[in-house]
Ligand SMILES: Nc1ncnc2c1ncn2[C@@H]1O[C@H](COP(=O)(O)OP(=O)(O)O)[C@@H](O)[C@H]1O
Ligand SMILES: [Mg+2]
């Protein structure tokens, strides 16, 4: 758990983070979202003491980070920087082994760990471990960056626009895979982005920032359906609801009514259901475990409205 | 319309051709002191000379056309030209000398200019040969082979330069050794001082100017002035027992060594600074973010990544120092410069060349070796 209490960071007279308080629960995927220059990276770097605060307190698992040496603290927190920053003179194996080596793990433990990490991020260890960063595609490099940050199995991961440099198709795949990994390993993740779709897809909670301050912290549904003010509303526009639907597995909402038609695939989301209705004109779509109707779909999109009103 | 396709080739071959026609090739001297009688390329080569001249002409023509395998063709022709030039020259020397043991042949401007053009062509077009690379090795081996053959001929021993060498053989190797020693010692000392200075200038922004500006100023001090400045302190130092024992004094090797070392500080220090600045900030940020200490970042990340640039600085320092070490001859420091200044005093161009030619040769050789190492290091670090 990370507690950020009344933290302020100034660069000269410029206030980059202003009296900000935020709690990140254990195993939570928290996304910090905001326009460029609003202080997202700064906030992230305050957590692992890459930069010093001017005011306020940061606690990690109940321990004040001021009681810890920066170098030691950072070995226990995974960190993926905005531009990956793989070491160009080291191969993939050595890159991933960085923190385990700093922690003086045994070599054979490290070898095993590197192989596991590569498998985890979907890269074949024997193919990739000897490659140099220059030989990797943008997507592969991002995966290695994530693998490197997780190599020592830190409970907390700080990620600064980790998928920023990947093309849209690979980005979506990486996002989905990473979301799965996070669920499986129950990491506490603080994830910075300025991409609204990415935030809605990944987050347990989204923290919207502007000009060094928090505007709203809430679940993706609530952020889209109940924006606190025009700033948040303008940020998501109307399409936000589509991303919300894409987070909901259709099978979770199936009604036990059989329809005589090919069902949607098992992993289909409510967004796929909506698309099917729009393209075919049907008002009921078949699923592997029943079906779902147009009215039900509307209710699902609106159900959140009733809950929070 | 006719357009120039290869300006380098046109320039070099025009100069070569002009040197062939207008400049004297050699001088025939009855003995070491008397001025000689000049001979032009046509005088020496006679009718065959037309063929050599035509090779220069062919180069000029080639520079106006597109040609398949151009680099290889130029390389082969250049190799042939070089070998024929020597072959014909040496086979005509015997006749000129005509059995007089004190007579000698010395090269004139026409010879040096043509050799220079041939060398430039050689280095330009070997670089460009990308396929059929075995040609390079055949060319190189045939030149080495032919030269080896020439060094054992009588004609070769009549060359004035060879005569000077024969007289000064022992001194030559002593001075060559001193020259090499001075060069290596200065560059290594320079590197030991300048690399930490460069790192300091990088890591303490405030010190950058305080370090780099003096290094730049040193570079602008003329060698004579520097020797003058060093004279007094080194003479003083030479009075202390230890320094007296190792031969430190206001003249000799000590001022040469100190001056040469000082001159290497800028190229090495500046390249160290540039090398460190060229390391991607993101890479350093990532290293720090994973809990590396400043020291670990320096050792494991910055130094290896900056090293190729630093090494380039060391190469530049080497090239500069091999040439600069000539000036050691001025203050009695020894080295090949001794011949140069002796030759200047005696107005003996061949003695000067005895000093200069090995310097040119070793500069080219060392540059080639260090560039090769540079590529290998770069490859190890990035591929
Ligand atoms: N080292 C620094 N010195 C001065 N200003 C900085 C520094 N780092 C960041 N800033 C400023 O602080 C603000 C927030 O930066 P940052 O946290 O990087 O924004 P982002 O939300 O895009 O990640 C920006 O206006 C930036 O210019
Ligand atoms: Mg940022």
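Keep in mind that glycine also has a Cβ here, set from the backbone N, Cα and C atoms.
Remember, TrEMBL labels are computer predictions, not curated facts.
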Annotated stretch (transmembrane segment, per TrEMBL) among the listed ranges B:134-151, B:152-169: B:134-151
Residue numbers, six or more beyond the limits of the transmembrane segment (B:9-26), whose CB comes under 8 Å of its CB atoms: 38-44, 52-53, 56-57, 59-60, 62-64, 74, 89, 105-111, 113-114, 117-118, 120-121, 124
Cβ contacts under 8 Å made by the transmembrane segment (B:246-266) with residues that lie 6+ beyond its boundaries: 178, 182-183, 185-187, 189-191, 193-194, 197, 215-216, 218-219, 223, 226-227, 230-232, 234-235, 237-238, 317, 320-321, 324-325, 327-328, 331-335
Folded-back contacts onto the transmembrane segment (B:102-122), same chain, C-beta under 8 angstroms, at least six residues removed: 9, 12-13, 15-16, 19-20, 22-32, 36, 38, 40-41, 59, 74-75, 78-79, 81-82, 85, 89, 93, 96, 158-161, 163, 349-350, 353
Dominant neighbour of the transmembrane segment (B:178-201) in B:134-151, B:305-331, B:351-370, by Cβ pairs under 8 Å: B:305-331
